[in-house]
Amino acid sequence: MPLAMLLLLLLLLSPDSQTAHGHPLYTRLSPGALQVLSAQGTQALQAAQRSAQWAIKRVLMEIQHRLHECQGPGRPRPQAPLLQDPPEPVQCGERHQGVANTTRAHGRIVGGSTAPSGAWPWLVRLQLGGLPLCGGVLVAASWVLTAAHCFAGASNELLWTVMLAEGPQGEQAEEVQVNRILPHPKFDPQTFHNDLALVQLWTPVSPEGPARPICLPQGSREPPAGTPCAIAGWGALFEDGPESEAVREARVPLLSADTCQKVLGPGLRPSTMLCAGYLAGGIDSCQGDSGGPLTCSEPGPRPREVLFGVTSWGDGCGEPGKPGVYTRVTVFKDWLQEQMSAGPSTREPSCRELLNWNAREEEPFTDAPGLCAFYARQCLGSESSCARLALQQCLQRRRRCELRSLAHTLLGLLRGAQELLGPRPGLRRGVSAPARSAPSLQELPGHNPREQRLYSGSRIAGTWLQKPKPERRPETKGCPGLEPLQQKLAAIQRAHAWILQIPAEHLAMNFHEVLADLGSKTLTGLFRAWVRAGLGDQRVVFSGLVGLEPSTLAHSLPRLLVQALKAFRSASLTEGEPQAPWIGADQGQRLGKERQGQLQPPVP
């Protein structure tokens, strides 16, 4: 741990001790430490509220999607999940009206031209912990195609979001959570062979929004060498330089396989890679452009753009004799169609699906058979026994997802999102690592930043002081499938009512006091403590374990935040009942009554 960190923590930990017969028995955390703990608790509350809002928004989008299907032309309605899209979207590859369908011939991503607003409606930005890492291409309402190497060491979907394209009039881009990440099973991180990944969005893209999908190739044919194609992204303006704040575009010619092999050597695999650019250099993609599109125009009455390559790697940026390398999309078209059309029983449910599934062991949720069907594929028993087995395995996996999500969430809050983006060896066309933030109380020694999880929302529930406003439900008459979605919406609203109804001005957690028993040290160096905290007008007291050394305190903070959330949840569930001054009778007996706003330890 850095010396500056130790000094900071030692200053914050100036103890307020109480003694008996000259020997300290109890100590209080300093006001500075309580202030930092309160700030982290407030961040946890804010993240939980955002997650709850996203969960409701996603179901509302599903309801709108179902209504759109019901109101469309009469056609058989598939029983596939709502997040599943046909592999070939309608009106793909078309730019918005008023936006020219040409890319500047002399533009450069490395130091060059800014693309007009809305010129790349299929271009998206993949964000890890809220920080941009790679580009991507929208290929269907719920699917983004990108480079597999973007997820090296960070393949948990809970960490990722996708920023969609802005509109032609500068409309604000929409941020969407990621439901599933599917790297190609044969991706080789050493050679970048098969460098392709599909990302399933948690919320389908609205057909009325500014984002539009690109067209996928219809067959195995590619444009001939010399064809001018287009690239775009937010990548670095020069090698190892800063990223661009706006989308930049360039037009580059496709090069023949022989030329690519000659200039790039054995690192190029012509079977799955193609290259494009100028042998004289100067125009190329760069760090941060990974996963972005290489598109070529398809002539016709209504010209459209077709995706033929995904930005993969390169030796430098815009250097002479070193064109950029792109993964061939035509080679993987069958795999893409298979993944995007797969039914729910063919793959394990994602953590995000399970964390938003309000199942109970004694009262299974109505969509359990579809969500858990994957686990019943090889069951040889009766239908009912297989359903029970699938539900049990679903619940077990959800518990693991909850533990991972909660633990890594709080660790991520304590370290800060920027810690997720340390140097990542092996990325040839990856994003340059941002500078580390200054050391703070959130530092956790020995923890691998790639294993962190951002806050995805704890399953806290209850009520706030306000009466919940009923959601207006769309008309369900004559549209099958809406009633289960409305039931799902109501269940999510009940589960998250407490956090959803906290007014913004009250969304702050305050730790008033942490009183540690110096005679209760555990083998891990933690001490039993009693914590007094507040949220708005609510006051709770609960027990926990706290460290009094810099390193042990940092490790004990996540658990304290979890216990605080649980305590406020319990308090909200018992609202209206006579409130005891303590959470738990044993704590009240040990501590006695509250006097003058402080926890008073018993003195022998």
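Each residue, glycine too, has its Cβ placed from N, Cα and C.
As annotated by Swiss-Prot, signal peptide applies to 1-22.
Annotation comment: Swiss-Prot describes 70-94 (among others) as region 'Disordered'.
Taken from Swiss-Prot, the feature compositional bias 'Pro residues' applies to 75-89.
Residues or ranges marked as N-linked glycosylation site in Swiss-Prot: ASN101.
Feature annotation from Swiss-Prot assigns domain 'Peptidase S1' to 109-341.
The secondary structure of CYS134 (disulfide bond), as reduced to three states from DSSP, is extended strand. For CYS134-CYS150 (among others), the entry in Swiss-Prot reads disulfide bond.
Summarising the annotation, Swiss-Prot assigns active site, charge relay system to HIS149 (among others). Taken residue by residue with DSSP, HIS149 (active site, charge relay system) is part of a helix. Counting every protein chain shown, the number of other Cβ atoms lying within 10 Å of the Cβ of HIS149 (active site, charge relay system) is 25.
Marked as active site, charge relay system by Swiss-Prot: ASP195 (among others). Listed in sequence order, the residues of the same chain lying 6 or more apart from ASP195 (active site, charge relay system) and placing their CB within less than 8 Å of its CB are ALA147, ALA148, HIS149, HIS184, PHE187, THR272, VAL310, SER312, TRP313, THR327.
CYS229 (disulfide bond) falls within a strand segment according to DSSP. According to Swiss-Prot, the disulfide bond annotation covers CYS229-CYS296 (among others), on the basis of sequence analysis.
Same-chain residues at least 6 positions away in sequence with a Cβ under 8 Å from that of CYS275 (disulfide bond) are, in sequence order, LEU255, THR259, CYS260, VAL263, LEU264, LEU268, PRO323, GLY324, VAL325, TYR326. Under the three-state DSSP scheme, CYS275 (disulfide bond) falls in the strand class. Summarising the annotation, Swiss-Prot assigns disulfide bond to CYS260-CYS275 (among others).
Positions annotated as disulfide bond by Swiss-Prot: CYS286-CYS317 (among others). Every protein chain considered, the tally of other Cβ atoms within 10 Å of the Cβ of CYS317 (disulfide bond) stands at 27.
Annotated active site, charge relay system per Swiss-Prot: SER290 (among others), in sequence order.
Residues annotated as region 'Disordered' in Swiss-Prot: 424-452 (among others).
The feature region 'Disordered' is assigned by Swiss-Prot to 578-604 (among others).
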Greatest C-beta neighbour count within 10 angstroms, which of the disulfide-bonded residues CYS134, CYS150, CYS229, CYS260: CYS134
CYS229, SER290, CYS296, CYS317 filtered to the recorded positions whose C-alpha is within 10 Å of CYS134 (disulfide bond): SER290
Using Cα positions only, nearest of the recorded positions to CYS150 (disulfide bond) (CYS229, SER290, CYS296): SER290
Nearest of the recorded positions (CYS229, SER290, CYS296) to CYS317 (disulfide bond), judged by Cα-Cα distance: SER290
Residues satisfying Cβ distance under 8 Å from CYS296 (disulfide bond), sequence separation of at least 6: PRO223, THR227, PRO228, CYS229, ALA230, LEU254, GLU305, VAL306, PHE308
